[in-house]
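Listed in Swiss-Prot:
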BINDING   His51, Asp78, Glu82  Fe cation binding site
Amino acid sequence: MSTAKLVKSAPSALLYTRNDLDDSVKTSTIALLNQLVVDFIDLSLITKQAHWNMRGANFIAVHEMLDGFRTSIIDHQDTIAERVVQIGGVALGTVQIVGKQTSLKSYPTNIHSVQDHLKALAERYAIVANNVRKAIGKTEDEASADILTAASRDLDQFLWFIESNIE
């Protein structure tokens, strides 16, 4: 009979995975990534809000441009959320969570001109693009940093396109 004592470890908030990242790296990375999941969901919805409701000069060009942006944002959002799960987290993307945790201020629903929408979008795209860049510098997980670098490149390009259309 063994005299070894059983040592109970504290329960982990992480889901089991064979991924060997340190638990503290996983935990901090999950928090960073989940905030970005929230921001990307909000940005995708804001983009569609503008897409539906703008009127005026260059409507069709901007309308179609925003559709492409939204598709890419959703693709990045999915990749980021899946990375959360890959490293033992739970991706948080419900409407309730997005409403409580978004970094973006509420999008105005009383604007209609293409220019007003572009200005409102530029402000919000800049916030998300800057938050992604900050997260790249904070994460100690190279795979997550790589995912965020790809998203950062696209967001910077989208912001440039939006700003280039502002008169």
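Using the three backbone atoms N, Cα and C, a Cβ is placed for every residue, glycine included.
Within 10 Å of the C-beta of Asp78 (Fe cation binding site) we count 14 further C-beta atoms, all protein chains included. In the three-state DSSP assignment, the secondary structure recorded for His51 (Fe cation binding site) is helix. Neighbour list (Glu82 (Fe cation binding site), Cβ cut-off 8 Å, at least 6 residues apart, same chain): Ala91.
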